[in-house]
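Here the structure is laid out as structure tokens; the discussion comes afterwards.
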Amino acid sequence: MEVEGLELDTAELGPLEGSHQKLEAEEEQEESEDAAGGSKKRVVPGIVYLGHIPPRFRPLHVRNLLSAYGEVGRVFFQAEDGFVKRKKKAAAASAAGGKKRSKYSKDYTEGWVEFRDKRVAKRVAVSLHNTPMGSRRRSPFRYDLWNLKYLHRFTWSHLSEHLAFERQVRRQRLRAEVAQAKRETDFYLRSVERGQRFLAADGDSTRPNGSWAFAQRPTEQEMRARKAARPGGRERARLANAQDQARSNRGLLAKIFGAPTPSESRGNSSPARNS
């Protein structure tokens, strides 16, 4: 494929700035080396970055405008964020007032243009930077300025990798936001369910005066009452009462006849053992 527009006059593209003299020196050095070696010069594509894209500016426009300076290859424009897009649509709908369908055009934030020759890309970026985009008086982009920058040693594969990385980061961020929203929803549902259980317990007849009741350990009397309620529990309760009465009668007889009580006899026998 023949490369168009390689031989460009510097007067047509405009004067070069002093900050890019180093790049020109490198190019001249490469050209002199190629001429000395007698080898054919290899055409290397170059990429120019567009930092500002006016509204309703499309890849076809940039291709038509920049094709006059050299052969343009691939062009990619980054669309605006979905949140900004929805905001603009809502603003357009409110401005229309519901009388007619609101007209909204998809806008872009930044773009990349590939030239077949990197030397042409460098010259275009230097000469057209901060110049009007439209040369005609009726052009809708007459009052917009070019914001061009040549990306040194940047290839189209680097751009593809960068865009794929941004898409992956966006997906991961979306998954994290969805997981966070799900956790918050589950916590809210559990809290609502717990509150419903508490409200349902307000009508419980086992809690007088609407006070909260908490389960405690049963007392000795309650335990005896439960045992007595079991089959055969009455007989065991009678035996326990008889044993208690016998113990009380034994202490009474000991007091009457002057004999020591069983507790005192145990207390007297303990020091004898210690001695």
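Positions of Cβ are set from backbone N, Cα and C atoms, glycine also.
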Out of 40-70, 71-101, 133-163, 164-194, which range is noted as coiled coil by Swiss-Prot?
164-194
Please list, for the domain 'RRM' (46-145), how many residues fall into helix, strand and coil according to DSSP.
34 helix, 23 strand, 43 coil
Looking only at the coiled coil (164-194), what is the mean pLDDT?
92
